[in-house]
Amino acid sequence: MPRQTTTPPDTTLEQQYENRGTHISSLYPEILALIFSYLDVRGKGRAAQVCTAWRDAAYHKSVWRGVEARLHLRRPNGGAGSGASNAQLFASLARRGIRKVQVLSLRRGLRDVVTGLPGLTSLSLSGCYNLTDLGLAHALCAAPLPSLTSLDLSLCKQVTDESLARIASHLPRLEELRLGGCGHVTSAGLLLLAIGLRKLRRLDLRSCWHVSDQGIAYLAGVAEEQRGSTPPPAEDAARGGGGAQDVVLGDPPGLSLEHLGLQDCQRLTDEALRHLSAGLGHSLRSLNLSFCVSVTDAGLRHLARMPALRELNLRACDNVTDAGMAFLAEGCGGLPSSNPGLPSLPSAPGVGSSGSCSPLTHLDVSFCEKIGDPGLGHISRGLFALRSLSLGACGRVTDEGLARVAETLTELETLNVGQCSRITDRGLAAVASRLTRLKCIDLYGCTRITPSGLQKVMTLPKLSVLNLGLWHIR
């Protein structure tokens with residue numbers, strides 16, 4: 001009878017695995033790198049400290065693909081060796097192939113970052129309040145960053161049009177630019193961006209209070225200055241920008257923006273929306289106009305003519321009313337409205353002279369206090385593609401309007417009626433019976449609903465998020 005061997009009771013687990021097969025230290029570096037790629041950033045760093053072989057494997061570029069480094073940079077005179085330690089840091093990042101960097105505090109020149117990491121594709125300087133036009137100019141002159149496609153300057157409050165001139169002339173491959181809270185940016189700077197950044201797809205101008213309708217005309221390529229003889233107002237800024245003279249003024253820029261954030265740009269009016277419709281109607285997919293208090297119903301008529309537009313945020317646009325919802329739904333064409341002052345609307349999905357309905361999939365009209373049940377009626381007869389509808393704090397909305405929405409917008413996945421104080425269990429019953437695709441509903445502040453109404457909503461088969469003040473996950 002063959003002899004059976006048993007493992008001695010005092011044998012360690014590691015020794016048992018060594019007896020059975022290959023030890024992990026014998027794996028090929030490529031296999032180790034594959035394993036390490038599944039670790040979080042902290043785990044990758046710990047693995048690199050185990051031994052030389054693991055460090056070499058952990059430093060393979062595939063392990064760090066897509067990782068964004070977050071840096072606190074030391075002062076130039078922050079102690080002995082501070083400059084050398086930063087140089088070692090940049091060399092380490094470059095070795096690992098890290099091409100996305102977020103600078104959390106900029107206590108030394110930006111120039112050191114861009115020269116140490118010339119292959120950057122993404123650079124975030126958000127909240128670096130001490131970044132100046134001169135500092136950015138020195139950095140871009142030292143290293144042109146030919147691969148950079150995303151730049152975040154949000155809340156860099158000292159940045160002006162001079163920096164935009166540098167960006168336009170040195171970063172031609174830029175696809176995303178965030179300027180939220182850069183209060184010194186003006187319409188003149190937008191002209192320089194429109195001419196120099198032909199590949200720009202995403203632009204955030206949140207709270208850029210000096211941006212006017214003229215600036216939007218520049219972005220859309222419809223301003224008279226871009227067509228011919230009249231020198232643009234930004235030309236003087238370009239001459240004085242210390243590098244902006246490299247931007248050549250010529251033919252209309254023809255940007256193809258896909259996302260434009262104009263939140264809290266309070267100087268914008270309906271004229272800006274006319275420019276967007278004329279110049280960006282076939283490319284713009286997402287538009288944020290929240291808190292643009294001068295936008296009115298008339299401006300929405302222009303937005304209805306933008307065939308590519310999918311996401312529209314009108315949150316807290318105080319002068320948008322039920323009539324504006326009718327204008328948005330006008331994108332369908334269709335049957336005459338009963339109100340001669342409003343556009344024609346189809347009576348059912350797909351019905352209308354144009355044969356197609358509005359392409360909007362996301363609409364936010366929260367805090368638009370002049371929107372009520374008539375507006376929901378227009379939405380329900382024209383915006384059949386909606387997946388997300390936010391009506392938060394629209395105090396005129398009642399069960400009747402909610403029932404209209406539930407009857408025809410059966411593709412809805414997200415519905416926000418938080419703080420709509422006139423909604424009752426009757427409205428929730430309509431939602432529960434028709435909106436079977438609903439995944440998320442916000443009922444915060446709906447004081448007239450009861451546990452009975454909530455129970456009906458909870459029967460929705462795909463519902464995963466219900467907000468009653470705190471998010472509850474089912």
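Numbers run from 1 along the shown chain.
Cβ atoms here come from the backbone N, Cα and C positions, even for glycine.
What TrEMBL records for 29-65 is domain 'F-box'. Within the same chain, residues 95-98 sit at least 6 positions outside the domain 'F-box' (29-65) and bring their C-beta atoms closer than 8 Å to a C-beta of that stretch.
Here TrEMBL flags 148-219 (among others) as domain 'F-box/LRR-repeat protein 15-like leucin rich repeat'.
Annotation comment: TrEMBL describes 355-431 (among others) as domain 'F-box/LRR-repeat protein 15-like leucin rich repeat'.
Per TrEMBL, the feature region 'Disordered' maps to 226-245.
Secondary structure by DSSP for the domain 'F-box' (29-65): 27 helix, 0 strand, 10 coil.
For the domain 'F-box/LRR-repeat protein 15-like leucin rich repeat' (148-219), the mean pLDDT of the prediction comes to 97. Using DSSP to sort the residues of the domain 'F-box/LRR-repeat protein 15-like leucin rich repeat' (148-219) gives these counts of helix, strand and coil: 27 helix, 13 strand, 32 coil.
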